[in-house]
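These notes concern the structure reproduced below.
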Amino acid sequence: MEQLSYQSKLICSDESRHTGCFTTLPIRIHPRDDLADAASRRFVQDWAREMRDGREQSTHFSFSPVGNWSSLIYPEAIPERLGVLAYLSDLGLIHDDGGEGLSIEDAQAEHGELCAALDPSDISSAAPGSRAMKTKKLVSQCMLECISLDRELGLKMLAAFRDVWLAISERNSDKEAQTMEEYLKYRSDNGGMLVFWPMLQFSLGMSISEAEEALVQPIIDAATEGLLLANDYFSWEREYRELQSGQSKRIVSAVDLFIRTKGLSIDDAKEEVKRKIIAAERDFCQRRDDLYTNHPNIPLKLKRWIDCAGLAVSGNHYWCSACPRQNAWKDMSSQSLNGAKRKTSHGATIGMHEAPFKKRKDSSFFGSQPSDDEPSLSEVSSYPFYKPSGLALEAPSKYVSDMPSKGVRSTLIEALNTWLHVPSERLDSIMSVINTLHNASLILDDLEDNSPLRRGYPATHILFGHSQSINTANFMFVRAVQEVAQNLSPNALVALLEELKGLYLGQSWDLYWKHNLACPSEAEYVNMIDHKTGGMFRMLLRIMQAESDVTPQPDFHRLTLLFGRFFQIRDDYMNFQDYTAQKGLCEDLDEGKFSYPVVYCLENHPEYRGYFLSMFRQRPTIATVNACPLSGESKQYLTACLKKSGAFNKTIACLTDMERDLEFEINRLEQQTGETNPMLRLCLAKLSVKGIGRIGEVSPSTSK
């Protein structure tokens, strides 16, 4: 029978007992404890540099005389992943400490800031210099490392950190549990256990199916109980003293539960918790053995998962018994040792508003009867001038702005501001202008393409009509220009107007090719992208540069050029992927659009030209004609032609090359500015084609 092997070092029981540790499970420590300590030191330094709130001076981090917390709870972690786990763990510790000293409302607000920062898809804007922006910058590099190491498990871990722990950790925190079952349920949420297990999976590079999770869940439940209660046992004195001194506003502990519900003294309550810990470890072993007996052929992977869960229980227990975080109260002199300086581990329908008044039919406009020799004013002549309601004008704009968004442009603005340092008031105006122009372009694009859907919702012109949509889009352009003229510099206005001309120029060729069924060359298509899609990215950059006081400014031209091309060609490719359910299956084919895969196919394989042009010729090209998509069979055939021509492989290869060029360009700018930009790297990572699903094989029929 294949046996489990270990990279970690076994801690002998005689050594562990010196700290007051009483776990019944074997303890192991990662052989690269130095990596965990280095990551913890980096976190403390990053927090001090970015947050500037001094909180790192009063927080005890993962360091301990017996080893770093992450080295003890993830002893079998892949070495390359240990550092990022330690970094996230210390983020959790300092966040937990801060929350204990806050009211529930303030703690929930701080949870919200960290939740947004840990969301790769978050598009909310934060003012430069705000705590929310500092938090986002602090965690961006860590998130990028997680995704780079293991995209699937990294995103799963970050989602659990954000959506499971932060979203619910302060829920019901004003309610006192009355039973151990209630308490463990609350502590599992508040104590971060729902994120710990995805972190353990990430540490091992181990994906576990839902069926496998269900099979081992009783064992994991026992492990969870052991983890939580060990923390309660060893942290009681610290938390009780912090509550008594006013440093903390509340205490959540099994010791407190037994004091409240059973009337026990503190010593007896702690002894009861100790018995519960030993019982939980015994249950863990019994449930594990029962599973192995009932499932003799259980995969070695699950045995390793269960074994590492047990090692996490014992490692956490050992660390809690020795770490300054839980034991500094024993020696007040250790309070001067913060996480940065403390000795590290031994391993080193809409109507207008009514008029301002209703004219009475028995009076004239001036309120007196007209004389016989004066001409009488007609009612129409007497109506006053007033400004009508803007509801009809604003409704299409509000509709499209409320749709889900990738938020790439807002994220890019925040990332570029790492280098340009535009003041927050002007940055808010820039974001508002870019969002207004982008939404206006979406309204016009859908109308000009006769597209019925936008992000899974009816396109604006379907709901409000063509004319009203055009009118609103035009108004949005006017409003954007007005905002720049009022709030930003003359150079920003010049940049806006010049790039708007480019946007219209690029769109003109996209429309020309569709209307005339003329397929452009690859070079012509890329040039169109540079003006249409790239123009928006170039616009936001040029406006930011006009508002920045940084001198000299780096050359961002190639960055925005590549970003526009990458963004559009990726969108062309993804239109054939499953995300198209939001806009319609292969909607680019319905629109008769010469996207990048089609351009490559027709330019390099003219034998397919007749098929595509014949299909495109059948589509309605007049905006007043209802959109009529190609049949599913037609789209399958054309997709198969693209597949056979190698268009999809070429598109992926093109995107891969551009992604590499973008990474090189970011490196160049970081070296030139002397400032790393994890937010920009994360923005690119969210759009990465690394590991992206390839479009499946579809065989075209040979019949005509």
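Placed from the backbone N, Cα and C atoms, the Cβ positions cover glycine too.
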According to Swiss-Prot, which stretch among 24-32, 231-239, 564-572, 672-680 corresponds to the feature motif 'NSE/DTE'? 231-239
Same isopentenyl diphosphate site per Swiss-Prot - residue from Arg325, Arg455, Arg479 joining Lys406, Arg409, His438: Arg455
Looking only at the binding-site residues Asp96, Ser235, Glu237, Gln326, Lys406 (isopentenyl diphosphate binding site) has its closest CA neighbour at Asp96
Asp445 (Mg(2+) 4 binding site) to His438 (isopentenyl diphosphate binding site) - Cα separation in whole Å: 10
Rounded to an integer, what is the Cα-Cα distance in Å between Gln326 (substrate binding site) and Asp449 (Mg(2+) 4 binding site)? 64
Around the isopentenyl diphosphate site recorded as Lys406, Arg409, His438, Arg455, what other same-chain residues have a C-beta within 8 angstroms of the site's C-beta center? Ser405, Gly407, Val408, Leu442
Please state how far apart, in Å and to a whole number, the two most distant Cα atoms are among Lys406, Arg409, His438, Arg455, the recorded isopentenyl diphosphate-binding residues. 17
Per DSSP (three-state), Glu239 (substrate binding site) is helix
Return the residues near Ser235 (substrate binding site), defined as same-chain residues 6+ apart in sequence whose C-beta is under 8 angstroms from its C-beta, sorted by sequence, else 'none'. Ser253, Cys320, Arg325, Gln326
Give the mean pLDDT for the region 'Terpene cyclase' (1-329) on the 0 to 100 scale. 86
